[in-house]
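As structure tokens, the structure follows; a few thoughts come after it.
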Amino acid sequence: MKQQAKSRKPQQPEYIFQVETLSHEGRGIAHYGSHPDHPADKHGKKVFIRYALPGETVKAQITHEAKRLEEAEMVALLAEPSANRVEAVCPHYGICGGCSMQHIHPDEQICLKQNVLQSHLQHFAGIQPEQWLEPIRSLQSDYRRRARIGVRYLPKQDRLILGFREHHSNRLTSIHTCSVLDKKLSDSLPELRNLLQSLKGKAHIGHVELAKGDYETSLLVRHIEKLNNADVNQLRQFALHKGWQLYLQPKGPESLRRIDEEQGAMRLHYALNAFDVNFAFSPLDFTQVNATVNEQMVQLACELLQLQQGERVLDLFCGLGNFSLPLARCVGAKGQVVGVEASEEMVQRATDNAKRNNLVQASFFSQDLTKDFSHHSWANQGFDALLIDPPRAGAYEIMQYVPNFGAKRIVYVSCNPATLARDAGVLVQHGYQLKKAAVMDMFTHTEHVESIALFEKIQEIND
């Protein structure tokens, strides 16, 4: 570790532990009773130790006590380190709360994430895939193409903090580099902090957002009070110097405006070259932060669905069409892709993206998928295949409708293994079988588990 998040509190006890295994979020697990100094009344109690790895002997300071478990932070490694321990690449690791696994070898991170998915599938649904696919791996650094960065001005010190929240805290820690952020964006952080420090209205800036497309970069400044003309001009000159688009957002998303709109609309772009499609998006639109993993993910989804020319596909939670447009390429002009998304703005974005790529076989509808949608015409047309890419809450409300779609193949893309496992159990009840699954390292060095799963309808045999 490069740094420790906080100085040790003298009143909190320290003990020596033998670390046994890893928790789902990457903390070492140990038990009281493995050392003679342990309190007798705590023998057998579980301890979760931040930064500790299996097989290590560590000194740890207790940070939180509960009836059945305790939490601790490693303060010293007392013997040989685990073979899976590596040096964190970021100087802010241990203070910044963005990454939690930089001390773990990348292969072990992948292994842990697959174990998490496997455990959830077994616990919640009692199933395992017939085949585990090779994980989709990420670059180990410079992989994030967007970030929201907090801003806080300390008037007594006349100092502006630009950074991320500390681990389990609302307090910002100042950063001058970010090893997982796109290198050009990361290298710009000191210059950006100096710019914000020089503004008269710096106390009224809540955060900034950086987003990078294939060809453009945007800087969004969220401010709670109007910025004066001099400040806006300074921001404008900075953006012109960097070749960035500049956006100001004084209130909610509807207040977003681009400065110097004559230079173009509020758009950035990215391409999925394997499908010859190009997407336009706004700085506030949801896009996958990891371009490398996203392209591999979309390719794998299309391969798993084994689409044929002329087939019909339903894409639920379609967003701006990240899956829909490649799916439309796969089914060809005689096929059809129907994308459904709650946000009317994103539906319009997806429609525009389909038009710009001449994909007339893709159509989009706005619908809150947590509500009854059975009366809509698109829901009663029948489909050969279904793709579901829900938020963390999963797609439980949709599961009851799945038999009506008639899909032979379902690809479920998940950012939460618990809700994937829950929904998988319902799909099995509806006669689907989990054929293949893989983890995707969308957020490397963090505990977040992204995954993809293929379900196929079991063929009924008529006597």
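Cβ coordinates come from backbone N, Cα and C, glycine included.
The [4Fe-4S] cluster site recorded in Swiss-Prot includes CYS90, CYS96, CYS99, and the single candidate from CYS111, CYS178 that the record places there is CYS178. Per Swiss-Prot, the candidate among ASP231, ASP260, ASP368, ASP372 that belongs to the S-adenosyl-L-methionine site alongside GLN288, PHE317, ASN322, GLU341, ASP389 is ASP368.
Each residue contributes its Cα atom, and for CYS90 ([4Fe-4S] cluster binding site) and CYS415 (active site, nucleophile) those atoms are 25 Å apart. Within the same chain, residues at least 6 positions away in sequence whose Cβ sits under 8 Å from that of GLN288 (S-adenosyl-L-methionine binding site) are ASN294, MET297, ASN322, MET442.
All protein chains considered, the CB of CYS415 (active site, nucleophile) has 19 other CB atoms within 10 Å.
Looking at the residues that bind S-adenosyl-L-methionine per the record, GLN288, PHE317, ASN322, GLU341, ASP368, ASP389, the two CA atoms farthest apart are separated by 21 Å. In the structure shown, the C-beta of GLU341 has more C-beta neighbours within 10 angstroms than that of any other entry among the binding-site residues GLU341, ASP368, ASP389. In the shown protein chains, 25 other C-beta atoms lie within 10 A of the C-beta of CYS178 ([4Fe-4S] cluster binding site).
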